[in-house]
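Features of the protein shown, as given by TrEMBL:
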ACT_SITE  Glu103  active site, proton donor
BINDING   Cys101, Cys134, Cys137  Zn(2+) binding site
DOMAIN    48-179  domain 'CMP/dCMP-type deaminase'
Amino acid sequence: MKQYLIKDRLTVISWSLTALGTARTNTPETNARTMDNFQIVDFNSLDETVQNLLMEAVKIRKRAYCPYSNFSVGAAILTEEDSRMYAGCNIENSTLTPSMCAERSAVAKAVCDGYTKFKCVAIVAHQREFTAPCGVCRQTLNEFCSSDGDIEIYLSRPTMDTVLCTKLSQLLPLSFVSFKKDSVIT
């Protein structure tokens, strides 16, 4: 993921990997997505709970099983009910489809223990810039939002020098809604 500063706004550029594992280069003109309503802060300025969440994500990232991409990711989520922490790492499979992202791994552990509302999630991966949840993980997290209908998101590198702070609603503004769960009227 590359970042460009355009007109005082951070523009996040992402690219897909080809079958051979090489990156397609995109320019701001061809594939720009702007993120509003986020803040990049110093790790030490965060409250202790968020710092612990990020440290847990760094720790669990070392357990990632990623022999195909060599891209290890750690995630830690905080439950709304009693602030219990659950961590997960990415787990790859040679057929790729059954691979699991770190965020969904952490969600699965928490749901197995009966937790279905999360206050915040910390995601740590080693890229030059910040690594945000993929689309599937964004929609999965959306299923388990806190009572206020959102989840705080903290993105960092393993060095935890700076942290991008945002909310799920900013990363997934037009989420899919369920006919039953969201009381959609036809």
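Quick reminder: no glycine exception, Cβ is built from N, Cα and C everywhere.
Figure note: comparing Cβ neighbours within 10 Å for the binding-site residues Cys101, Cys134, Cys137, the maximum is reached by Cys137.
Mean model confidence for the domain 'CMP/dCMP-type deaminase' (48-179) is a pLDDT of 95. Take the mean position of the Cβ atoms of Cys101, Cys134, Cys137, the recorded Zn(2+) site; other residues of that chain with a Cβ within 8 Å of it are Ala102, Glu103, Arg104, Pro133, Gly135, Val136, Arg138, Thr140. Its own atom aside, the Cβ of Glu103 (active site, proton donor) has 27 Cβ atoms within 10 angstroms in the protein chains shown.
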